[in-house]
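Participant: Dropping a structure here in structure tokens format, bear with me for questions.
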């Protein structure tokens with residue numbers, strides 16, 4: 001692959017929509033107050049707070065599971081998950097050079113948490129539940145100093161670690177029934193734990209926050225209360241609130257200079273608490289459980305990240321939330337542009353459809369259908385409706401301005417609707433289902449009727465494309481067949497067979513050829529006239545090709561798949577001209593925008609990437 005990429009030019013990545021809100025304390029503000037740092041898939045994203053420009057730290061081989069920034073801001077550390085039996089990487093990044101400073105491996109399967117010592121001397125790392133060890137690393141020599149099991153045999157798993165603010169030799173770890181203060185003994189290369197006395201309290205601690213002067217530390221628990229422990233005597237000082245605990249547990253804490261505490265809960269409340277019993281003075285309800293709180297500067301500006309993949313900004317004075325960025329929190333299944341309009345595009349995933357403004361990457365409209373997955377989305381040609389295919393077997397039609405449901409076709413397919421396309425006259429919809437049927441529907445104002453059902457495919461229909469005269473269509477299916485249908489007589493014209501699960505099919509703009517692709521990694525060119533093969537290209541080195549789209553002039557097409565690369569091909573030459581490296585999940589869909597300025601690609605980790613289209617239109 002390396003040799004190929006040398007000759008092939010790289011696509012220019014313009015922007016990324018995405019944020020992994022499930023990483024606890026994953027959202028950070030750099031001490032220079034200029035950048036937000038957060039994870040998405042295998043990438044760590046640095047977003048400028050001033051002009052929104054994004055930079056990417058890429059080097060992990062699997063999803064990033066934790067992030068930490070050193071006090072001076074010189075280093076960023078990130079840990080990842082990996083497969084059972086393998087060792088997970090910790091990467092220390094040099095902030096000023098934006099490159100890898102050190103890559104370290106010791107923990108099995110997952111790195112749970114990371115913390116820098118106050119003077120950038122050491123990094124302490126905590127392994128996941130399959131590893132269960134704490135390791136202290138020397139940053140200068142890039143080597144491990146010592147390690148120890150994180151919790152006693154009798155206690156549960158350790159969840160989090162935090163370094164003291166004054167001493168380079170003291171840090172705290174906490175988890176399920178375990179709360180320890182550790183002291184680093186450098187001459188003997190050992191870490192020595194001291195158990196904190198909790199009395200009768202049994203708690204699972206999710207987060208730790210140590211005060212500036214190292215006198216106390218606070219622990220947020222799944223029970224919904226906060227423990228205040230003396231760091232010197234290791235004794236429990238207080239525990240509150242006693243009556244009204246925080247709903248669904250305390251996920252993250254931050255101590256302010258005033259002594260007040262910011263609390264983020266699993267229910268999504270973000271509150272400012274004070275006093276010994278942690279009474280909430282100000283409170284705001286956010287969407288999704290709050291997993292990260294980050295302070296900018298002294299805390300005059302606050303940021304919160306939630307499980308619903310939203311980033312909020314607050315100012316300390318008025319404590320009003322402002323939605324800074326939104327994104328999908330699960331796999332994006334499809335991308336669609338309106339006819340001849342490049343300003344907007346729609347994406348769909350579990351829970352609904354979102355419409356985005358292309359240039360700014362801002363969300364314009366959200367259509368929510370809770371707990372249902374939208375498999376495919378399409379704009380009707382007149383722009384008056386968004387048609388969508390859902391896993392509950394229904395076809396839903398929405399209005400694009402308000403997102404109002406204008407029509408629902410119940411039980412359109414028995415095993416979920418998997419593909420959808422609209423005719424150019426906007427009166428008919430063609431849908432494909434998990435059971436392999438292709439159905440034509442007549443759509444009126446508020447009513448619909450089934451015109452015809454075409455039963456040929458034996459497995460899921462993955463893609464449908466209709467010819468511009470509405471008299472013919474092509475469907476790609478997981479049974480290894482692509483069928484060209486006559487939509488006047490509703491019979492099969494031709495059938496293309498290959499030893500593959502076809503994922504995607506495209507008509508050439510002049511409609512005398514189709515190109516297909518699927519799990520055998522081959523791109524096939526076929527004659528529409530008689531279904532005969534013209535040629536076959538090797539599409540990717542590993543993994544299936546899931547998405548494909550042809551440019552309007554037919555000179556080139558783009559593909560994306562499990563190889564995680566966006567490739568631009570010359571249609572006639574059959575050669576890759578450009579490659580886009582940036583996705584960390586399997587690519588599910590790629591689209592060239594109608595004015596040929598951008599390529600939009602989406603992936604299974606919830607990311608949507610915008611690339612500069614390499615050929616000038």
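Backbone N, Cα and C atoms are what each Cβ position is placed from, and that goes for glycine too.
All TrEMBL annotations are machine predictions without curation.
Not measured: the values here are computed from a predicted model.
Take a look at what TrEMBL says about it:
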DOMAIN    53-312  domain 'EML-like first beta-propeller'
REPEAT    104-147  repeat 'WD'
REPEAT    410-451  repeat 'WD'
REPEAT    454-487  repeat 'WD'
REPEAT    580-617  repeat 'WD'
Participant: Hey, which bits of the same chain come close to the repeat 'WD' (580-617), Cβ under 8 Å, at least six residues off its ends?
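Facilitator: Residues 5, 9-18, 20, 40-43, 56, 58, 60, 63, 309, 327-337, 339-342, 345, 347, 349, 356, 358, 361, 543, 546-552, 555-556, 558-568 contact the repeat 'WD' (580-617) from elsewhere in the chain.
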Participant: Grab the same-chain neighbours of the repeat 'WD' (410-451) for me: Cβ-Cβ under 8 Å, and only residues 6 or more beyond its ends, written as numbers and ranges.
Facilitator: 375-382, 384-385, 387-395, 397, 457-466, 468, 470, 473, 475, 477, 479, 485, 487, 490
Participant: Would you mind giving the whole-number mean pLDDT across the repeat 'WD' (580-617)?
Facilitator: 91
Participant: Taking DSSP states H, G and I as helix and E and B as strand, how many residues of the repeat 'WD' (410-451) are helix, strand and coil?
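Facilitator: Helix, strand and coil residues of the repeat 'WD' (410-451) number 0 helix, 23 strand, 19 coil.
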